[in-house]
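Student: My questions will all concern the structure given below.
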């Protein structure tokens, strides 16, 4: 099948660039919206049109002009030129944004600079370009298949765009943060300090968003057509580096873009009730196969990989160029593409060995190695230049990532170093003895037998993985954050792997493209076996797509080649082949279906919230939110730190009410402006609700923003004392056992333990601890360190609730992943049958440095408690030091701990914080003797507190209700929910702290009204 594109259309296209340039220039009259995000309905249609025109122009014209001016485009097929041109355009836009940001301090001039530069390029290209070919373009079946694949990719990406108009929250939003910082005029280096994330994509996005005129997130969402670039760039790689035919390249590109593993098939056959996340964990397919995004969206990760593929393509093309100027230009472009791909995501830098492998096998090898040397030198010089312009930011980032990589065990680091050294030495030896090696292999008599044995073993190992996975008892607990296990190759690559095995068996091993593919695959397997197999092993997918394409073409031509009789045989073989390739597309398409139909999109109300926070709150303000669960809570937290670009504090529901108050107080000293965001209908800590004033300052649907009340901090010797002797656990008599000094009776093992009389400090070093061999399923538990204390026998029927207040302390290694570290509380005692019993509670450690309070009920089968152990361990291999601090451990009755109800401790401190007399927070009544007034919880000890021996004149007790007790006299109501009486010559007030109405006027006004009723200050 052929399709001829008329020469007339080509002559019309020759002037299309001028039409696009005219549209870009004229669209600048439409006012821009320089915001991080905006509701689509609020963006004028004219501005959206401007954005589309600029997106088309900037993604095509710069690279097109560069390829045309340098004549590099004439040396390669048009499809390859188109792919490399768009990748060059992205690099050009990013470089321009970097130059203007660091040179002028702003990127606002970019639209006019682009117009001027592109006009100059257009004129130069027409002056220097040779006469263009006027003959038509003959599109054959492979080209049409490639175009069809690109169209399908574009349609899928468009559907994802319609379902997620503001992108999919997560890493994609984090990658936008540098662009938002750039537009806000903030030093972009803060992103590296705060997130340790690459910033170059932020410059590329800012370079597009400023002339497009739409907000950053909206601009990135409009990038969805660029998803078609992935398949086109891989096509050019197959054509230019591997020198394959159009049909081979098109089929390989389709397999690369759409294929996956067995995730969806296993779900349909064996795990019908499993969620998509469970299937992803079981198979390392679907979500965890990074290349599943090839046809779903254009993300910075796919862009970075595409740039490296384009760099490889240009590098291969430069080997055939003998003219010095053109050759150096191609090398310069290739180095620039690799550099920007590397600095956009870092991980594609692990494809660097492929350049060495290509240079060793692309003839003439001497010339290839010369081009490799030029490529490396140019790349190093460009990196130093870009880093100099960016004031060392990229070196700082690489240092941060190196610290992150230090989480790898020393054994793995040593293996990587040895591997790199072996690659270098092997390359030199291969170059020196390449002729002898080739001659020896050709004359080796048993090469076919060795080939058969090797492929048979490989096929057995590959296919047996599926049986291993299906026979495991708990496949949903599979994790491969480090080395990629052998049994998951078949679940991740599925039928594509089988076709690749067929291709490996049938291809001549002497072909250069095969050697490059196999060495590429081996390097990906080695890297994925050493570290972060989830990501690095995925780089096996591109060479597998090549080998699978060869295997598929072999099977397609098998009936004619073997002269198999009968149309049915031919139809059967080709039908099974089409079915296999189609089924290999099932997992990525299922992933696309999830994003289109199952994932909840970002609501417009949340978008309005992000935009308002970014525009109306100071850059150095702090936003407080409860620890919401579910998609909406995740989206809220992610968006406030990335799109709204504000510092965030998440108040855990584990925090006690008084603890919340102290946390807010501590943050108040560091942040002048503090805000609270609450979601209606979602539970939130009472302490956070209490710190919000009556009137919000912004409401968008279910989201409400309050400016936090400013409390006065406590002082050392205030005239008002707030008694918090019960550690925010209710009535003191309910506490059966407590330790808040940790000075006596604690013993340690394999940890550094110390107490300063206030907190217990624990330190444990995970250095050099590796995962044991095997154990592919379930949690792997590291060797641990612990402290323990023998307690007096406690009756857990009376004291059946335990509370631990702890935090991750300073000095914890940056490389430690706290989500994999665990604090284990081990409780030992006697069971109902008087037999020794042990109970474990696993507490995942928080990622921040704030104290958290974990409270939970003791088990009913542990009626007697006699020993408490605190253990530190990890569920992954780790390298570094973890430091913990414990404020207290308390065992008390369930009623007072789990249902405090009135949150009296918080309200007492909040009320006193507005009194000009100044207040202190004390843990013992004896520390309050110098105060004129005492605020405390009402309990059985309240009568004793008011004895005549106490010098305090005024007592204010916060209770569940404002009713007169049996002691005292003269009880009268002085305010709604407040009664006054006397006892032993002391003035006593009882406040109904559970009455919501008394707080509706605002805590500050109520505090002053209460102070007036108490007669303080008279």
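Counting begins at 1 with the first residue displayed.
Cβ coordinates are placed from backbone N, Cα and C, and glycine is handled just like the others.
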Student: Out of 249-271, 272-294, let me know the one TrEMBL marks transmembrane segment.
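Tutor: That would be 249-271, the stretch labelled transmembrane segment in TrEMBL.
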Student: Between 178-197, 298-317, I'd like to know which one TrEMBL lists as transmembrane segment.
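Tutor: Transmembrane segment, as annotated by TrEMBL, spans 298-317.
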Student: Under TrEMBL, which of the candidate ranges 199-217, 351-369 is annotated transmembrane segment?
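Tutor: Of 199-217, 351-369, TrEMBL gives transmembrane segment for 199-217.
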Student: If you count Cβ pairs under 8 Å, which stretch among 199-217, 375-393, 452-470 touches the transmembrane segment (298-317) the most?
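Tutor: Answer is 199-217, with the largest number of Cβ pairs below 8 Å.
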Student: For the transmembrane segment (539-559), find every same-chain residue at least 6 residues outside the stretch whose CB is under 8 Å from a CB in it, and list them.
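Tutor: Cβ under 8 Å, 6 or more out: 234, 237-238, 242, 244, 247-248, 251-253, 255-256, 259, 289, 291, 309, 350-351, 493, 496-497, 499-507, 513-514, 517-518, 520-521, 523-525, 527-528, 569-570, 573-574, 577, 581.
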Student: Give residue numbers and ranges for long-range contacts of the transmembrane segment (324-340): same chain, 6 or more residues beyond its ends, CB-CB under 8 A.
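Tutor: Contacts of the transmembrane segment (324-340) (Cβ under 8 Å, skipping residues fewer than 6 from its ends): 66, 70-72, 75, 84, 87-88, 90-91, 94-95, 200, 204, 307-308, 310-312, 314-315, 317-318, 352, 371, 374-375, 378-379, 382-383, 386.
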Student: Where else in the chain does the transmembrane segment (490-509) make close Cβ contacts, counting only residues six or more beyond its ends and a cut-off under 8 Å?
Tutor: 255, 259-263, 265-266, 282-285, 289, 451, 455, 458-459, 462-463, 465-466, 469, 515, 518, 537-538, 540-541, 544-552, 554-555, 580-581, 583-584, 587
Student: Cβ under 8 Å to the transmembrane segment (47-67), counting only same-chain residues 6 or more beyond its ends: which ones?
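Tutor: Here the qualifying positions are 17, 20-21, 23-24, 27-28, 30-33, 73, 81, 84-93, 111, 114, 117-118, 121-122, 124-125, 207-208, 211-214, 218-219, 222-223, 225-226, 333.
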Student: Between 79-103, 375-393, 571-590, who has the most Cβ pairs under 8 Å to the transmembrane segment (109-129)?
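Tutor: That would be 79-103.
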Student: Quick test of the contact rule: Cβ under 8 Å, at least six residues beyond the ends. What residues does that give for the transmembrane segment (571-590)?
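Tutor: Residues 156, 255, 258-265, 267, 276, 283, 285-286, 289, 291-292, 294-296, 494-496, 498-499, 552, 555-556, 558-559, 564.
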